[in-house]
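Read through the structure below, which is laid out as structure tokens, and then see the notes.
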């Protein structure tokens, strides 16, 4: 029995591999004879109508990209039949309720081919008008150059950086497995949808994709179907110039089922999808052999077809596709087909709603928790998280270990995970189990040493909805996640990052693990809240902020070394932390100087203030971004503009960002060294005497 299934319908000569007596891999949940019957009976319900729709989708892509004078024609034209099958027959969705929790999710990982998605969303009946299709890539249109989550109805994730969408799809599939294990009962199944990802050679060449694919195969996410637009073309040259591996064998080695079809044969695509949908304990890769730019004969099958090179051949292409001279043409027959298909989808949705209503009645506690998750409601976490004893020495990562436990108990849809560093990051949740192929109900995720995939998978959770997801690693390795973090920020999804070992205080591991520049660079990402708390109480507030925030991601930057719990009212510190910056120690006489500090340097600032006397104010600023959101009056109360020349900022990292608030900055503008943490601080001038000297200067 061949290890890799080759489903060569319409691609290789010979009978269908799905016919009785054909080649099958062992399947855990569907018998061979039953599956053979399912697949052999799977057919394109309306081949003429869908073939017509495919060519009209090609026409929409040609016309919109030609008008915009930019865009990527290759994928929309090369994958038109795939789109017709998915949106015209195979996927389960409801255009009238695009947020339906049991819809199949479709992710266009190859986001440059966005006109593929917009064409099918329009024809399928989503709230995307033809005027929006015509305004492709125009300012404020619902059809931006790459798909953007939350902007266009029916777009499930923000894609464009290649490979990210594969990680997003893996995250959605994991979220669906967890949701099903949490919500389904013996009497009611309310979550059983699939996640479908369309990718290309570019996606699969990216490292993030390989990391995510390995995770999905290991965890046997058989609700995931990855459709590979295998056209042998990349932008610069044909793909053979940069890749020679057997992709199918690579996926098989990583625990995937692999099928190969002619991507232009809708019968083949339909049978392969039906086979994959049946589920066999493995995610499925469907290798769709396609011709990039199919329909524009002058460039089809070449790297010139990738972008807009086919624009000058638009008239001849329209003629060869049998389209009229009228641009943006969708026939009445196609609209009528999708109208009827939509009615069929809505009917199935209505049947699901009956099951859902019955489930809610039988499971009121689960239903209430689900509704809270959908609504984004959170409990009063401040009351649940214990306070910490003043003066006690606690690393903020260790404080996080205590803080996350009541959160885990109070929020059944909160998940956390780590890239092989639970023991160091201290974010393991007790009593909620570990997510694995043997326990999809677990809420602790083990990502392995795959930081980039973790970032993309976390985004998949964010795009999926229901769950509040967080993930951890050492701060210095957040650079491996950077592309995913940026996508989360621009997508406005509430992801939590727990990044520990935050400075030269890491000590003996040396400069490779001492992130002197990282915090400053993270603060440059728009819409990312970077919270570097100074003690355990500020850490509690930072966790609360990260969970209560709904419009973007939050990074918790936590220390390895112990820090004193500052002897200030915990309520003051928590409230101040939520504002991003606040007066931690108020001057007892006329204001003479201000010290701004963040993270582990807050305690240094407090000690320096004691030596400087009652005229020194200490401002703790755990989150610059939150402080900037406060009104001007509050900011002036905390940091008077006329005191800037007498203000000193201190943080064990690069100094450039602090000059907005202070004329003097004590920091670390070069890499650290391998030595005990206190010795590294001394070597880099990060001491109380140095701070006092700078304030006085």
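Cβ coordinates come from backbone N, Cα and C, glycine included.
Quantities reported herein were computed from a predicted structural model and do not represent experimental measurements.
Here TrEMBL flags 1-17 as signal peptide.
Around residue 509 (substrate binding site), the same-chain residues at least 6 positions away in sequence with a Cβ under 8 Å from its Cβ are 501, 674. The substrate binding site annotation in TrEMBL covers 72, 306, 397, 424, 501, 509, 513, 560.
Just so you know, the Cβ of residue 72 (substrate binding site) picks up 25 other Cβ atoms within 10 Å once every protein chain is counted. Per TrEMBL, site 'Important for catalytic activity' is recorded for 72 (among others).
Non-local neighbourhood of residue 162 (thiamine diphosphate binding site): 109, 110, 111, 200, 202, 203, 205, 206, 209, each in the same chain, at least six residues away, with C-beta under 8 Å from its C-beta. The feature thiamine diphosphate binding site is assigned by TrEMBL to 112, 160, 161, 162, 202, 231, 306, 477.
As annotated by TrEMBL, Mg(2+) binding site applies to 201, 231, 233.
Using a 10 Å Cβ-Cβ cutoff, residue 306 (substrate binding site) registers 25 neighbours. Annotated site 'Important for catalytic activity' per TrEMBL: 306 (among others), in sequence order.
If you look up TrEMBL, you'll see 394-565 marked as domain 'Transketolase-like pyrimidine-binding'.
Proximity of residue 451 (active site, proton donor) to non-local residues of its own chain (separation of 6 or more, Cβ distance below 8 Å) is seen for 419, 473, 477, 478, 480, 481, given in sequence order. Classification of residue 451 (active site, proton donor) by DSSP places it within a helix. The active site, proton donor annotation in TrEMBL covers 451.
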Practice task
Consider the binding-site residues 72, 161, 306, 560 and say which one has the Cα lying nearest the Cα of residue 233 (Mg(2+) binding site).
Solution key: 306
Completion exercise
Out of the binding-site residues 112, 202, the residue with the smallest number of other Cβ atoms within 10 Å is 202
Completion exercise
Least Cβ-packed of the binding-site residues 501, 513, 560 (other Cβ atoms within 10 Å) is 513
Exercise for the section: For residue 160 (thiamine diphosphate binding site) and residue 306 (substrate binding site), determine the Cα separation and express it in whole Å. Expected result: 14
Practice task
Look up residue 233 (Mg(2+) binding site) in the DSSP assignment and reduce it to helix, strand or coil.
Solution key: strand
Fill in the blank from the handout: Longest inter-residue Cα distance for the thiamine diphosphate binders 112, 160, 161, 162, 202, 231, 306, 477, rounded to the nearest angstrom, is 35
Exercise for the section: Consider the binding-site residues 112, 161, 201, 231 and say which one has the Cα lying nearest the Cα of residue 513 (substrate binding site). Expected result: 161
Practice task
For residue 72 (substrate binding site), identify the closest of the binding-site residues 112, 201, 231, judging by Cα separation.
Solution key: 112
Completion exercise
Around the Cβ of residue 161 (thiamine diphosphate binding site), other Cβ atoms within 10 Å, all chains included, total 18
